[in-house]
2 protein chains.
Amino acid sequence: MRDSSLKPSRDGFQWTEATGLVAGVPTLGLIQPSSHCNKGKIYDVLVIGGGYAGLTASRNLALADNQVLLLEARDRIGGRSWSSNIDGYPYEMGGTWVHWNQPFIWNELRRYDMTGQLEVSPRKNVEGGARVTVMMDGELLHISHDEEDEVIESAFKKFINVDGQFARSIIPYPHDIEFNMKGVLSCDKMSMADRMTQVASQLTPLEKNMFEGFLAITHGAKWDEASFFELLRWWALMNYNYADFMAIGLTYKLRCGQSALARHIFDEARGTGQVDYSFSTAVATVNDNGDLVEVTSRDGSTFRARRIVCTIPLNVLHTIKFVPTLPVLKTEASLIGHANQVVKCHAEVANPEMRSLGATNYPDGKLTYTFGDGTTPAGNTHLVAFGSSLPHVHLSPQTDVETTKKAFEAFHPGMRVKRLVFHNWHEDEFARGAWEWLRPGMTTKYLQALRERHGNVLFASSDSSYGWRGFIDGAIEDGGRVSRVVDQELKAAVHRHQFDVNSKL
Amino acid sequence: MRDSSLKPSRDGFQWTEATGLVAGVPTLGLIQPSSHCNKGKIYDVLVIGGGYAGLTASRNLALADNQVLLLEARDRIGGRSWSSNIDGYPYEMGGTWVHWNQPFIWNELRRYDMTGQLEVSPRKNVEGGARVTVMMDGELLHISHDEEDEVIESAFKKFINVDGQFARSIIPYPHDIEFNMKGVLSCDKMSMADRMTQVASQLTPLEKNMFEGFLAITHGAKWDEASFFELLRWWALMNYNYADFMAIGLTYKLRCGQSALARHIFDEARGTGQVDYSFSTAVATVNDNGDLVEVTSRDGSTFRARRIVCTIPLNVLHTIKFVPTLPVLKTEASLIGHANQVVKCHAEVANPEMRSLGATNYPDGKLTYTFGDGTTPAGNTHLVAFGSSLPHVHLSPQTDVETTKKAFEAFHPGMRVKRLVFHNWHEDEFARGAWEWLRPGMTTKYLQALRERHGNVLFASSDSSYGWRGFIDGAIEDGGRVSRVVDQELKAAVHRHQFDVNSKL
């Protein structure tokens, strides 16, 4: 998918020696022209947010013959899942991995005949140089990928096995969790730090160190601010075992990049002729007068619709003014926010021997978990790495490229970084964090409230979805769920109206 | 869901001491009145078959604003998946088990807010009497459920492990199989009997016997007529391990019964106002004149549409006359047919100690695999059993109730059979077999051809679907896939027509 004509979004950053740091990277997700709408029109539904939840809701509502307006603060679709496409090669800036056990994204991949786009992230399948680098207390240690699996699996099982059944008794139905269950309540109150205190004595020093580094790909938060229950939930969704955890959670990506899928949904929605849109339109206020809802953007433009599908991320919701004001639990949950502060950073390095790198650098590394993720068109190695905005290991590539390069170089004496590509989700005003990872107690206290409607405003988000919450699949599921509710009540309203008109005749 | 007003379908049989053998059992899937259509009308799409593939296609096409006519030979919806509802208790007559790793049925369960209907088939979770009965060479052997799992798992792994990777190298992507791969070709040529010859010496006599009995729930065919590849495919779909094979394939059923789900799809389709239907209308000929297709039923009625979605089961397809005639590969595949001759039979028995029965009776038992599946409203135990129409163990409950009762009684000296409920799929003229299990070589030779369209006739079926072929999930997937193709080309045709009209003005 080499497309040199792709224009940059404002989002993301790229650094090369030749260009230095440049804000904005090219993406299939950029929408131009940025606006196509009728400000005087009363739409059936106004969808706030063009991530997967909003795109799915827009498309489904349009297919069901509703007039839809999609508002998006960014200049692109995809929300927290998008790919920058550089010289025809996609770098996934957010949500990446997919699997056929994720029912809602699998439906989309089948819908657009894209299942053939699945590609195994090749870190283990490369000839030569296959190895894992562990940085621990300043020392470099090299082990094999098989040893890596053994160490992580052993630690993971001890960490998870709170019930002697590897969490099966706590989450028997990962797509329908009973929040009132005793085991759920107690595991949700527990932080990751609390759980580590319970099991630390059962872990070898290597197990503890590598596992803690590895978990950067899950919570990316301070250990005492991340709920232990959320890890149980991931584990249950991934079939309660380590091999599937890796296969489902961290193996298959789309050859064409996530933005190609988002584009398919957007294009189908637009193809109905029922969807208008306005990008670069950040919402400031949502005013529900009981009959119609008026949405005002930061620049003072107003838009009106009968229903709102609000997909604003949890950590951003409290920045929008709602009239009437949101219920206390919703606002409180948003103000507290989820705890994930991952910084995801790609590097293109001139080291073919790094293609099968797996690396952890914990507790003091700026990049806690890093691995080989492919070969770029220039023949270089693509590494993907997970850092954090947490204070003591704070990684901020856009303000300190040199430190970021050094974090990659730490894994290998001859590492030559040619390019960095990244999105700092924590400092993104429209995300304020990466994928959802709730703090201790939040799931059981707030989740149900987050799903509830507020008058004519309905909420859909991967942050509060049912099954794969925190994943692309959850966004698509929740966008679909809410679009059905909205469609049914709009159609019922039309029937009532027709009945009223007929009664009066 | 006690509903004493439910009327019987013509399908299925029930026996009790009081009534003797009665043809037809009550079901939510019965459609009355049986017809609501306009014979003079030219429909956009005529869907042949009201199983899950046809229901999904009808609903999706109707939601996309096409005029649909659904023809069904039976008096009920559901095809090879339906539940008879007796005194408010569902007996699943065909396809039963579902799981959240089946992406397309999971979407449907979420769509209709039915995920809470999941119920664990309780055979292992009952207090007291938990045991497995193995009948082998006329001897009765009792073991625990844990021992049963150990024995079956051990045998299964040896049987499957043709590549040293438990089939992962042969089917890395279970939803997108590459039929030209060497391993696929050679495993598809192999029969189950061939594979048993290869591994028999590695199995203990108990492993061999119990595993062979257990496999009645998979192929239900003569061992030399069932492709070994099909078992690899099931194994791959079920995450390449025995625990998940049982969890995904044989654990979760719907409390309300499958016909409740089918009914939701049918009712939504009808609710659009775009779907007409005619039940008890068996199709005799399909005549495609290139512009319109005329379908004639056995009673001589004719129906016309622009496109046909044909969901007729593989084993029945050759009984329909197509003009122009079908391609040789399609007809040949149908004449050969798949090999599954399972007879599924439920018993209500007055033995609470049988609630956790697990039992195999191989090679000479009429019921090779039987287990406890719940408690009926009368407080009796529900057993579900798998027999076969194969000659030497031929089970034919509708012609020989006594032999069928004796087959249950063989598992336990005091067994008291109060009721039998069954559907003999092999002798059902509209199915001619149970779920799909292809013969050696058929997957690689015929599957692609079965999926191909024939002029204005498109084919959708669980027999030839992509992912969960042979399962409910595959039917829903394929109905969805084909409905998108049909919808897109009908809409494109409208655009072309409008263009032509405008050109002439």
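Note: Cβ is positioned from N, Cα and C throughout, glycine not excepted.
Note that the structure is a prediction, hence the values are computed from the model and not measured.
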Annotated companion of B:GLU72, B:ALA73 at the FAD site, TrEMBL, chosen from B:VAL184, B:VAL199, B:VAL275, B:VAL283: B:VAL283
Three-state secondary structure, B:VAL283 (FAD binding site) (per DSSP): strand
Recorded FAD binding residues, B:GLU72, B:ALA73, B:VAL283 - maximal Cα separation rounded to whole Å: 8
Least Cβ-crowded entry, counting other Cβ within 10 Å, from the binding-site residues listed as B:ALA73, B:VAL283: B:ALA73
Cβ-based neighbourhood (8 Å from the centroid) of the FAD site, residues B:GLU72, B:ALA73, B:VAL283 excluded: B:ILE48, B:GLY49, B:GLY50, B:LEU71, B:ARG74, B:PHE279, B:THR281, B:ALA282, B:SER297, B:ILE312, B:PHE430
Densest Cβ neighbourhood among B:GLU72, B:PHE386 (binding-site residues), 10 Å radius: B:GLU72
Inter-residue C-alpha distance, B:VAL283 (FAD binding site) and B:PHE386 (substrate binding site) (nearest angstrom): 30
Where B:GLU72 (FAD binding site) sits in the secondary structure, as DSSP reduces it to three classes: coil
